[in-house]
Amino acid sequence: MKILNLDLGYKSYPIYIGQNLLLKGELLTKHISGKQVMIVTNTTVAPLYLKKVQNLLLSFEFAQVILPDGEKYKTLDTVNCIFSALLEKRFDRSCTLIALGGGVVGDMTGFVAASYQRGVNFIQIPTTLLSQVDSSVGGKTGVNHMLGKNMIGAFHQPKCVLIDIYTLDTLDSQQYSSGMAEVIKYGLLVEYLNFFNFLQENIKDLMDRKQSLIIEMIYQSCQHKINIVAQDELEMGKRTLLNLGHTFGHAIENTLGYGTFLHGEAISVGILMATRLSQLEGYLSSKQVAKIQDLLEKANLPISIIGKINASAFMKAMLVDKKVINGNIRLILLKRLGQAFICDNYNNHLLDQVVNEFCQ
């Protein structure tokens, strides 16, 4: 087992990464406050792992909420179902929520934990690659609105993150590839390109799910993320760099309809759009862009949305983004592989060119 610690002062917490962690009750129970525990999961994950978690909680008063599975259910209506379950069971402020599932479950559970009785504890048990390397770490919680992704939410840190890589054994190949988009994103953000080179050299074995490499990949991804979050918890500066490809990607999800593309699939195209704009702005070479595209393709990720989205609708969707300031879209671009920056003075004609290249 590998352990990381996200240093946020009194809000610091461990991230456990390993095999068969769902059999190690002490890892979970030592982070539970009070006697009441609510497990939030979905219809896909519940038959696979709910009983395992329940078996660790026999000394607690526990209940569960089983939600429908999918990004389209990441709404205030679904969140209200969790609130209702907590109130009906008379859970008090000392309770702990457990998010057992992927990013949608984790984001909604965290949002409920941030809001219920003005804040209760919660624990992340991510079961998808995307949630293990990204959404379970860092305290971002929230839901989608019909006009924009993750526009309603809060920062609320978990008490721990428990990553059992055996949950990836039941993850389908499309979901696994979706998680690889966020992994590749870290490769593009990390100085010296050590992680990017690791991914290039091992992409075949990683896609074949070689466990020793998966643990290392998840560990390095989480390490890179916590290094940034520890410096900028509330995304006032450097943490914004973690949104590479996300302004484009969120617009894809919003325009196509949530769930049409998996989040990581949208981010894959978004990363390529950001790198293409970086190339047109004179930062990246065509060879560097080709390297990035090649890695995304080897991870079985989409690289285009041609014929799927109207360019004008796409541009409108880009304006509904948390990074928009005074009506100006702020983008994360690459000066070179391993060095991202926040850009708000890009050439609008070049942005239009990129959107048209990818949409039409």
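Backbone N, Cα and C define each Cβ position, glycine as well.
According to Swiss-Prot, the NAD(+) binding site annotation covers 69-74, 103-107, 127-128, K140, K149, 167-170, on the basis of sequence analysis. Under the heading Zn(2+) binding site, Swiss-Prot lists E182, H246, H263.
Shown here: features listed in Swiss-Prot, placed on the structure.
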residue	record	contacts (Cβ under 8 Å, 6+ apart)
D69	NAD(+) binding site	N42, T43, T44, V45, V104
K72	NAD(+) binding site	G257, Y258, G259
G103	NAD(+) binding site	P126, T128, L130, S131, D134, S135, S136, H263
G106	NAD(+) binding site	A99, Q124, P126, S131, S135, S136, T141
T167	NAD(+) binding site	L22, L48, Y49, P126, T127, T128
T170	NAD(+) binding site	L48, T127
E182	Zn(2+) binding site	L130, V133, D134, S221, G264, I267
H246	Zn(2+) binding site	I267, G270, I332
Other than E182, H246, H263 themselves, what residues in this chain have Cβ atoms within 8 Å of the centroid of the Zn(2+) site's Cβ atoms?
L130, D134, A181, K185, G245, G249, G264, A266, I267, G270
All-chain count of other Cβ atoms within 10 Å of T128 (NAD(+) binding site):
30
Other C-beta atoms that fall within 10 angstroms of the C-beta of H263 (Zn(2+) binding site):
29
